[in-house]
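Novice: Mind looking over this structure? Questions follow.
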Amino acid sequence: MESKPNPQNINLLHSIFRSTAFKAILGKLNPILFWAALAGLMTGLIGGSFRFLVSVILDNRVRWIHSLDQMPGKGAIISIVVSSVMVYLGFGLMRRFAPDTSGSGIPQIEGMLSGHLPLVWQRVLPIKFATGLLILGSGMVMGREGPTIQMGGSIGKMVGTWFRASHEQTRVLVAANAGAGLATAFNAPLAGILFVFEEMKPVFEDQVHAYRAITLSCITATIGQQLILGTGPVLKLTQFETPPLASLWIFALLGVAFGIIGYYFNAFLVKSLDFFSSLRGIPYQLTGLFVGGFIGLMSWLYAPTTGGGEEMIIWSFNNVEPTDFLLLLFMVRFGMTILCYGSGAPGGIFAPMLSIATLFSLGVAKQIYLWFPSILPVPQVLTITGMGALVSATVRAPLTAILLTLEMTANYQLILPILVSCFMASATAEGLGGRPIYSVLLERRLKK
C-alpha cells in the first residue's frame, strides 16, 4: 500500500513558495520554465493522489475478497457484480464525456504533439482521473502510468491556457508533463525525461529550453508525488550483487526470448482491439459489464491474476512456487492484459508488462539455476532484467526501459545485464518485423 500523505511535507512546500529567495529566482527564469515547474508539481500532486487512492481501493478490495471465502456461492456473485458495475460505470463516463480517454492516453498525447489530435484538458483531466479509479480499482489488469501520463499532458495544456502560452510553448508543456506523468507513476524522473525524447520524439523550435522544461517538470513532479507518498523505489526489492561476467550470455538469451514475446504481445494486442471494435452491435458499456464480470470472477478464484501488477511482482519474489505454476500464471496474465486493454478501458500496459516479465523470468530463472547454479547464484536477478527487456521490445524505447527498471528497483549495480537484455530484446523484436506499440496505436486512432 502507498504511504499516507505527510502534512509536514505540504507545509514545507508552502513555506518554500512564499520565500523571498524563491520569488527572486522566478524573476530571472524564462517564463516557460516556471510554467513547466508549476505544471510538473501539479502533475506530481494530482498523480500522487491518484496513486494513493488506487492503492487504498485495491487494498480494501483484496481484504474484502478474502472475507468472501466464507461464502463460496454468494462470494463469487458479489465479486462479479461489484467489478462489473465499476467497469460499467467507468466505460459509461468515458463514452459519454471523454471518448478520447480510452486506452493508455499516450497515443493521444503523441497525436496532439504532432498536430493531428486535439487535447481538451477540461474533460480529459477529470474523466481520466475518475475512470482510472473505477477501472484500476475494479481489478482490471491495467497500469496507472497511462492515466498519469495523459493527465500530466492535460495539466500541461491547462497551465498553458492559464498563462496564455503560445502554441509552441503549449506543446512543450504538454510533452514535459507527459514525461512528468511517467515520473509520477513510478517515482522515476530520469525515465520520464527520456520517455519524452525516445518515445514521443517531439521537435521544438527551441530544443534547449524545451529540454530544460521537460527536466524541470519531471523533477517537480517527482517532488510532488514524494510529498504525498514518500521517498524510496516503487518496488522495494532485494539489492542483488552484480552477476559474474560469465552469466551475460543468459541475459542475452533472455533478451531474445522477450523480443519474441514482445513481438507477439503487440500483435495480440492489436488483434484484441480489432475484435472489440468489430462488436458494433453490442453497446459499449455492455462490453465493460462482461469484461468487468470476468475480472470479478478471476479475482475471487485467484486474486493474483488480477490488478495492475506491482503486488504480483512483490508476491512473486516472496513466494516459492514451481516453474510450471509461474509459467501458467504468466500465460493467464498475458491473456488478461490483452483482454483488458483491447476492451478500450482507460489504463496503461507498462505495469502489467512488468508483472508478465517477472513471472516468465522467474520461472525460467529457477530452471536455469538447477542447471547452472554457479553461473546464476540468485535466480531473482533475472527477473529485474526481464522487466526492462519486455518494455524495450514492445515500446521500442530501450533507454527508457533501462532507466525505468533501475529507478523502480534501485538495483543500479545490475545496469550491465539490463543493458544486454534490453538491447537484445529490442533488436529481436525489430528483426521480426515488429513495430513500436504506441506508433501502431496512434495510427489506428488517426484512421478512425
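Any Cβ shown, glycine's included, is placed from N, Cα and C.
As annotated by TrEMBL, transmembrane segment applies to 32-54, 75-94, 172-197, 209-228, 248-270, 282-303, 349-372.
Describe each of these features in terms of where it is and what it packs against.
Specialist: Residues 2, 4-5, 26, 129, 132-133, 136-137, 144, 147-148, 151-152, 155-156, 158-160, 163, 165, 169, 172-173, 176-177, 180-181, 183-185, 209, 212-214, 216-229, 308 of the same chain lie 6 or more positions beyond the ends of the transmembrane segment (32-54) yet place their CB under 8 Å from a CB of it.
Within the chain carrying the transmembrane segment (172-197), a Cβ under 8 angstroms from the stretch's Cβ atoms is held by residues 32, 35-36, 39-40, 43-44, 47-48, 51, 106, 109, 112-113, 119, 143-145, 148-153, 155-157, 159-160, 165, 204, 209-210, 213-222, 224-226, 229, 231-234, 348, 350, 397, 399-400, 403-404, 407-408, all 6 or more beyond its ends.
Sequence-distant contacts of the transmembrane segment (248-270) (same chain, six or more residues past either end, CB-CB distance under 8 Å): 334, 338, 341-342, 349, 353, 356-357, 360-361, 364, 368, 372, 375-376, 382, 385-386, 389-390, 392-394, 416-418, 420-429, 431-435, 437, 440, 444.
Tertiary proximity for the transmembrane segment (349-372) is limited to same-chain residues at least six positions away from its ends with a CB under 8 Å from its CB atoms, namely 104, 141-146, 185-186, 247, 250, 254, 257-258, 261, 265, 269, 308-310, 312-313, 316-317, 322-324, 326-327, 329-330, 333-334, 337, 340-341, 379-383, 385-387, 389-391, 394, 404, 408, 437.
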Novice: Same chain, outside the transmembrane segment (209-228) by at least 6, Cβ under 8 Å from its Cβ: which residues?
Specialist: 3, 5-6, 9-10, 13, 30, 32-33, 35-45, 47-49, 51-52, 152, 156, 172-173, 175-177, 179-181, 183-184, 187-190, 192-193, 196-197, 202
Novice: Please indicate, using numbers and ranges, the residues of the same chain that are 6 or more beyond the transmembrane segment (282-303) and have a C-beta under 8 Å from a C-beta there.
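Specialist: Same-chain residues near the transmembrane segment (282-303) but 6 or more away: 61-62, 65-66, 68, 75-76, 79-88, 90-92, 95, 138-141, 276, 336, 339-340, 343-345.
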